Amino acid sequence: MHSKKSIQGSETVEQVSIEAPGSSSPQSNHNSSSDDEQDVQDDISQSDSDSLDSQASRKRRKTSQVLEDGDIPLIATTSVPSRVKAKSQNNLLEPKNFNNGAVLAPTDAQTTFAALDVKPWLVASLGAMAIKRPTGIQKGCIPEILKGRDCIGGSRTGSGKTVAFAVPILQKWAEDPFGIFALVLTPTRELALQIYEQFKAISSPQSLKAVLITGGSDMRPQATALAQRPHVVIATPGRLADHIRTSGEDTVCALRRVRMVVLDEADRLLASGSVGSMLPDVEECLSLLPPPSERQTLLFTATVTPEVRALKDMPRTLGKPPVFVCEVDTQALAIPSSLNQMHLQVPVTHREHYLHMFLLTEKNLPKSIVIFCNRTATADYLTHLLRLLEHRVTALHSKLPQRQRIDNLGRFRASAARILVATDVAARGLDIPEVGLVINYDVPRDPDDYIHRVGRTARAGRKGEAVTFVGQRDVQLILAIEKRVGRQMEAWTEEGVNLETRVIRESLKLVGEKKREAMLEIEEGREVGGKRKRGMKKLS
């Protein structure tokens, strides 16, 4: 491993970027009710789904043109500039250079956790979880965190960042077990639950007390759990900030002794200046902790932003080890090589028709699929519609009760539902095995959100596909995404399938009817499945 050092005042900051095995040569490169900060902008977004907007008010426009059999007009597909026509998969664009001169170095594929100074009980625990060898981010960060260094860890989604900070935290905690030893902040409830479960699994040989502090649950049991001095607290910033503001001194005083703090998905937590920014809540949480000079701060993310890099420039106490910056595949290889990226041109007025027929193609029918939307309203609408079209579907977005969100995610993981319709609350960090296809029903406005979305498939070296639906208003967004990931999308094709012909022949009338039923269910306040939501009255 090579390193490049630069002088920050009187201190040395080391940056290391590790090239993944099999890579090509390096290129130049406020409140607890709203814990799902990934979705805060849903209802005010300018990127409303054209399809839903054009159908939402039947007073303004007809939901769909219902045709008699045999009366089939030709649907004019969206005219998209030739720029987004099919390109060779090997046609690479020049990715942005975010590495700031970081050194790329190869790693030893035979490295073991024991070689990283991980204690035998942790090595055995990881082995029981079928985690035999460390990934690049784990090789880079674990030894340095064990040395007491603050750390910025950047690595693409699915690369094992949680283990990279959980293992050294647990090893250092076992040497001096007291509460509260570590605090982990993460943007969404689902991520918090996943991290909580990993801490419990890895620490199973020990008597670790971990507590989960997220919205959607009663605050009183959470306050009681905090007052009992758990060893590790995993929280969303909004709910923990609520406890700091409203709970008694007994609830929060133990936070003043925290030794280690982790900001997971740090780019999202530290983003400022946008509606729904979590930064104020994050700052309130950190204000109660010991000062940076007296604690170890760890930032992990798939996209290392300037706000994240700013940690290395913070004033530091004389004698404290310098910040360690480890970036593995964060930019040049942000998209896994095993991921096939494609686009599908669809007419704005018939997107649901195309989606229905696309899900039923011979190659897609056996796949486990995640469909991403920009708004919760769109996700709710598509869930109703696809269920009426007899797809096995469930949903994950911020407007669902917490218990239902956990149940829905469990159904999808257990393959009881083949399709998960989600907003960006599901885009970051969630480990959902065996997702074969990601569909961007709405094009994300931020290219980094695209990276997080498509990262739900092609995980751990598996193959995967991502298909983005493109309308006439989306071309510039596609260009921005291609520039960010350094690769052009191919046009979607499947041998023997003419999607437009199938839409015309098979889905116009059926989908039109089911769209009206779905909109009626939503207007009457019914849940997916037709039951009326508790407390909702039928609209007169």
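Note that Cβ sites are derived from N, Cα and C of the backbone, with glycine treated the same way.
For Ser155, Arg156, Thr157, Gly158, Ser159, Gly160, Lys161, Thr162, the entry in Swiss-Prot reads ATP binding site, with the evidence type sequence analysis. In the three-state DSSP assignment, the secondary structure recorded for Thr162 (ATP binding site) is helix.
The compositional bias 'Polar residues' annotation in Swiss-Prot covers 1-15.
If you look up Swiss-Prot, you'll see 23-32 (among others) marked as compositional bias 'Low complexity'.
According to Swiss-Prot, the feature compositional bias 'Low complexity' maps to 43-55 (among others).
Feature annotation from Swiss-Prot assigns region 'Disordered' to 1-65.
Residues or ranges marked as motif 'Q motif' by Swiss-Prot: 111-139. Note on the motif 'Q motif' (111-139): residues 18, 20-21, 146, 153-155, 159-161, 163-164, 167, 170-171, 174, 201-206, 326, 328-329 of its chain, located 6 or more positions outside it, place their CB under 8 angstroms from a CB of the stretch.
Packing against the motif 'DEAD box' (264-267) from elsewhere in the chain are residues 152, 161-162, 165, 184-187, 191, 195, 299-305, 307-308, 428-429, 448: each is 6 or more residues past its ends and has a CB under 8 Å from a CB in it. The motif 'DEAD box' annotation in Swiss-Prot covers 264-267.
Each of Thr135, Ile137, Ala164, Ala302 belongs to the same chain as Ser155, Arg156, Thr157, Gly158, Ser159, Gly160, Lys161, Thr162, is absent from that list, and has a C-beta within 8 angstroms of the C-beta centroid marking the ATP site. By the criterion of other Cβ atoms within 10 Å of the residue's own Cβ, the least surrounded of the binding-site residues Arg156, Lys161 is Arg156. Summarised by DSSP class, the composition of the motif 'Q motif' (111-139) is 16 helix, 0 strand, 13 coil. Most Cβ neighbours within 10 Å among the binding-site residues Ser155, Ser159: this distinction goes to Ser155.
The 10 Å shell around the Cβ of Thr162 (ATP binding site) contains 23 further Cβ atoms across the protein chains shown.
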